[in-house]
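> Here it is, the structure, as structure tokens.
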Amino acid sequence: MSAHVLVINAGSSSLKYSLVEAASGEAAASGLVERIGEERSHHVHSGPKGEYDDERPIANHEAALEAAVQAFETQGPALADVDIVAVGHRVVHGGDRFAAPALVDDELIAAVTDLVPLAPLHNPANLEGIEVARRLLPDLPHVAVFDTAFHQTLPPYAYTYAVPSEWLASYGIRRYGFHGTSHSFVSEQAAKLLGRDPSEVNVIVLHLGNGCSAAAIRGGRSVDTSMGLTPLEGLVMGTRSGDLDPAIHGHLARVAGWSAEETDRALNSESGLKGITGANDFREVSRRRAAGDEQAQLGFDIYCHRIKKYIGAYYAVLGTVDAIVFTAGVGQHSSEVRAAALHNLTALGIHLDLDRNANPAQSKGFVSTDDSPVAVLVIPTNEEWQIARQAVAVIRAS
Ligand code: AMP
């Protein structure tokens with residue numbers, strides 16, 4: 001039987017899991033427990049024997065994983081019947097300690113714990129997921145796959161902020177970048193679609209989901225990316241502002257008396273598309289825009305303008321570009337965003353084919369014209385598969 005990996009993504013009140021065949025990426029089953037710790041936790045599981053969908057109290061992550069194991073028994077496949085070679089854990093922040101996925105041991109847990117100040121919302125939940133899974137599945141190797149690791153190849157001039165240099169040594173202040181698992185996956189797929197080795201191609205990846213980030217990838221290595229110390233910097237997102245003048249924090253403290261936490265919260269949870277249009281879900285923004293809502297139009301324009309600026313910047317960083325790749329919910333599904341972000345870029349050799357753009361699947365994801373010097377590709381991301389592949393590579397090397 002072929003090797004499978006149980007991929008776990010633990011959030012503060014959720015646990016997402018998927019049993020993935022490492023070679024093909026096929027998910028034998030997947031599920032999600034949401035609202036952990038609330039009275040009406042929600043658990044969905046989809047397996048070969050059917051769907052499970054239930055609401056009941058699930059007190060903590062341990063109970064959530066127990067519920068998942070139980071759902072594997074009832075909806076299949078029973079975990080004992082599958083050749084599971086590893087548990088792969090998504091970990092958001094690996095700091096500059098982790099440039100690659102790593103086997104979980106006590107030392108790794110201590111290192112990820114040390115990184116909590118850099119990702120106070122994410123790393124504690126990821127750690128909770130690891131600890132619970134190690135307790136319930138003690139005979140399997142566990143591998144941590146870091147969202148930041150792919151961007152550890154950034155050169156110092158791309159990751160260093162122009163601030164007093166002791167801030168890096170004292171507080172770890174630098175660009176780390178996120179969505180690395182997605183950027184590495186789709187850039188590899190792009191090279192495959194172009195029929196070339198990843199080491200030969202330069203790619204700009206636009207991961208446009210609830211969170212959004214751009215990356216400049218030269219020969220398979222990330223050389224710049226839009227998210228920074230935290231996932232707040234860069235593109236406009238569902239609820240996050242992306243780039244802004246860093247003086248805004250101080251200005252709001254002086255004129256509105258806001259604390260650092262209040263401004264942080266507003267920039268992370270009340271800004272982006274939500275702040276401008278009132279809706280963070282891109283489909284809702286599109287509906288309102290189609291109905292003539294001016295704020296929705298403004299939000300759309302800001303969102304696409306920011307993407308275009310990053311394409312220009314990363315084009316200049318890379319020098320030559322073989323492909324621009326759109327991925328994640330908005331990137332994969334919004335032909336309007338792709339068309340607006342790439343409008344008027346023919347001088348850069350970027351020629352969008354509007355018919356293909358309307359239906360990327362019909363042209364294997366190619367949405368540029370046949371003679372476009374830069375290919376434009378729509379590639380579904382698959383972070384679970386990438387985590388599974390990386391977990392297998394780690395255990396084979398260990
Ligand atoms: P993700 O984080 O990759 O799941 O992406 C979530 C974002 O993708 C949300 O803003 C959704 O509104 C958006 N999205 C999902 N499907 C579509 C679609 N068909 N058209 C436009 N946006 C979509």
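Every residue gets a Cβ built from N, Cα and C, even glycine.
What TrEMBL shows for this protein is this:
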{"type": "ACT_SITE", "residues": "Asp147", "note": "active site, proton donor/acceptor"}
{"type": "BINDING", "residues": "Asn9, Glu383", "note": "Mg(2+) binding site"}
{"type": "BINDING", "residues": "Lys16, His207, Leu208, Gly209, Asn210, Gly211, Asp281, Phe282, Arg283", "note": "ATP binding site"}
{"type": "BINDING", "residues": "Arg90", "note": "substrate binding site"}
{"type": "SITE", "residues": "His179", "note": "site 'Transition state stabilizer'"}
{"type": "SITE", "residues": "Arg240", "note": "site 'Transition state stabilizer'"}
> Can you tell me which of the binding-site residues Leu208, Asp281, Glu383 is spatially closest to Asp147 (active site, proton donor/acceptor)? Compare CA atoms only.
Glu383
> Check the recorded positions Arg90, His179, Asn210, Asp281, Arg283 for any whose Cβ is under 6 angstroms from an atom of ligand 1, and report them in sequence order.
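The ones that qualify, in sequence order, are Asn210, Asp281, Arg283.
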> Per DSSP, to which secondary structure element type does Arg90 (substrate binding site) belong, with helix, strand and coil as the options?
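Going by the DSSP assignment, Arg90 (substrate binding site) falls within a strand, counted as strand.
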> Give the sequence-ordered list of residues that share a chain with Lys16 (ATP binding site), lie 6 or more positions from it, and have CB atoms under 8 Å from its CB.
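Lys16 (ATP binding site) has long-range Cβ partners Ile8, Asn9, Ala10, Ser30, Gly31, Leu32, Val33.
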> Max Cα distance spanning Lys16, His207, Leu208, Gly209, Asn210, Gly211, Asp281, Phe282, Arg283 (ATP binders), Å?
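The widest Cα-Cα gap among those binding residues is 23 Å.
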> With every protein chain in view, what's the tally of Cβ atoms within 10 Å of the Cβ of Asn9 (Mg(2+) binding site), excluding that atom itself?
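Around Asn9 (Mg(2+) binding site), other Cβ atoms within 10 Å: 22.
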> Write down the Cα-Cα distance for Arg240 (site 'Transition state stabilizer') and Arg283 (ATP binding site), rounded and given in Å.
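Arg283 (ATP binding site) and Arg240 (site 'Transition state stabilizer') have their Cα atoms 17 Å apart.
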> Where does Arg283 (ATP binding site) sit in the DSSP three-state scheme?
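In the DSSP reduction, Arg283 (ATP binding site) maps to helix.
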> Compute the C-alpha separation of Asp281 (ATP binding site) from Arg240 (site 'Transition state stabilizer'), stating it in Å without decimals.
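Distance between the two Cα atoms comes out at 12 Å.
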> Using the alpha carbons only, what distance in Å do you get between Glu383 (Mg(2+) binding site) and the residue listed as 'substrate binding site' once rounded?
9
> Should Glu383 (Mg(2+) binding site) be counted as helix, strand, or coil on the basis of DSSP?
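Where Glu383 (Mg(2+) binding site) sits, the three-state DSSP reduction gives helix.
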> In whole Å, how far does the CA atom of Arg240 (site 'Transition state stabilizer') lie from that of His179 (site 'Transition state stabilizer')?
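Taking the Cα atoms only, Arg240 (site 'Transition state stabilizer') lies 15 Å from His179 (site 'Transition state stabilizer').
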> Just give me the nearest neighbour of the residue listed as 'substrate binding site' among the recorded positions His179, Leu208, Asn210, Cα to Cα.
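Result for the residue listed as 'substrate binding site': the nearest of the recorded positions is His179.
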> Looking only at Asp147, Asp281, which of these recorded positions has the biggest number of Cβ atoms within 10 Å around its Cβ?
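For the recorded positions Asp147, Asp281, the Cβ with the most other Cβ atoms within 10 Å is Asp147.
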> Hey, of the recorded positions listed (Arg90, His179, Arg240, Arg283), which one tops the CB count within 10 A?
His179
